[in-house]
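**Q** Mind having a look at this structure? Questions to follow.
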Amino acid sequence: MATQHTAVVPGTVHLVDVSGAAPAGAKMRDGIQLVPRPSDDPEDPLNWSRGRKMLALAMVVVYTFGTGLPMTLQYSILADITADTGISTATLVEGTGYAFLLLGFGCLFWQPIALTYGRRGVYLVSTLATVPLMVWTAYSKSGGEWFAHRIMLGFFCAPIEALPEVSIPDVFFAHERGAMMGVYVFSLFGSNFLAPLIGGWFNEAYGWKWTMYFGAIFAAVAFIILFFFMEETMYFRQGLEGLEDEQDEIAAAATTTDAGEKGEKSSSSSQTVSESPAAIYVKPTLSQKLAWFRKMDGRPTYQHMLKTMYMPFIYLYQFPIVLWAGFIYGINLCWYQVLNGTASPVLANAPYNWSSGLVGTIYTGPIVGAAIGCYWAGSIADKFTLWLARRNNGVREPEHRLWPLLVTAVLGAIGLIMWGVGAQHHAHWAVLAVGLGILTASVVAGGSVALSYNIDCYKDISGDTTTAVILVRNLMGFAIAYGITPWYTNMGLQNCFIMAGFLALGCTLTFLFMTWKGKDLRRASAERYWKYAAESSSAH
């Protein structure tokens, strides 16, 4: 099967009907082809009503906040935890680095289970496990203990990094993915920015331990909501994205042949040929909907599930685009880590001398910036991609989605330099807040574009390639979490962040190379991709 499709470039799809001559089997909406093509099953998530789809997206947001917020409540209260426990700030930040490391490697365990037995159960286990681990956090007395629960939180919360990137394409079409992925990325970073704001004021009112208890309560409430309202979105469909037109031609040829054979038979026989019975689709019962995991017909084999635990490493080697997407997402995570690693030390000391509550308030800027970045990389990028597809005879190339990075590259550099130089020269706090907001808009947009680009390029193995992207991202996040404190301590805030600003600019501008050579890289990987996609499909 792999050799049959080597001429078809992965990720290149006919998305817009500009000539009014859409393929016979295409399903259209407002002149846009629906990719992937939905089945006739009303329980196919692609066929759900708009309200049901938005509820599914809302549950992804609830999960993301339910685990992401508790994990990051400590960012604005590091000084208070250090004062009470004696654990150094450097150790606390290092523990965050270990959590990010496990957030990446934990995907190797959870993602194959979710792709085989369902997304819902993995979401529920992850959220429920967060509750006791947040309670344990409140009892931390040593660096080793801090490392232990950060590592376990990283492992159990790992689905937050890669599973929503599978759940969203389960439900939404290609032309909608950017906007919906933007909502998820906003939730991911937004929860991480809202947490220090809440944690700071909660700490002032009740102390840092009760702040951790609040995180446990928050996760418990999220678990209850998810248990009753999150639906399973796993669905095994026939065919591969990008081959719809080819499959239509094969089906049309088969239909023509069958019609000819039937005509010959009918001319020599008066017997009536009965039509094949229509497929019968069964609506799941309430008990089936509430089940944590589901054994669906057509699911991957157990052997294939084990194989997907190491496939992300192979994809990083064989698909340069996946490696690059991980790099872009990772470089943006680095600046997010820089923000969290320096906000409390800068603002809690002279000349600002802010309380933990006020330190948390500085995250208002990043929350606003995250919303702007989400809109830029989501709705605006989707519309821009459709515009470029129309200019390209209706054909969408994944590289069309990369152009918003031109703005985020500049914004990232400006935000980093405003924060570092402003802090070095004791600028007004509003300057720092605006700088952080600009930086966050860049970080969120960059991460969202990287994720969407990876999925657009290799949709039918995106469950595994997303894990590969997260591995690269979190390895980079771990490295920067480990090194940010000595970096700015030795270089000074101004020099450190000027260097970071130009690094951000240079790294993000590598997208220009991808707009030039991205399709060539996808074409060169076509044989490998269709082989893996076919193996994944046949394992169902």
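We number each residue from 1, going along the chain as drawn.
A Cβ is built for glycine as well, from the same backbone N, Cα and C atoms used for every other residue.
Whatever TrEMBL says is automated annotation, not expert-curated.
Taken from TrEMBL, the feature transmembrane segment applies to 55-77, 97-115, 122-140, 146-166, 178-198, 210-230, 314-338, 358-381, 402-421, 427-453, 465-485, 497-516. Residues or ranges marked as domain 'Major facilitator superfamily (MFS) profile' by TrEMBL: 56-519.
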**Q** Please give the average pLDDT for the domain 'Major facilitator superfamily (MFS) profile' (56-519) in this predicted model.
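**A** The average pLDDT of the model in the domain 'Major facilitator superfamily (MFS) profile' (56-519) works out to 82.
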**Q** Find the member of 55-77, 97-115, 146-166, 210-230, 358-381 that has more C-beta pairs under 8 Å to the transmembrane segment (178-198) than any other listed stretch.
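**A** When the Cβ pairs under 8 Å are tallied, 358-381 comes out ahead.
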**Q** For the transmembrane segment (497-516) against the transmembrane segment (402-421), do we get 3 or more Cβ-Cβ pairs below 8 Å once near-sequence pairs (under 6 apart) are dropped?
**A** yes
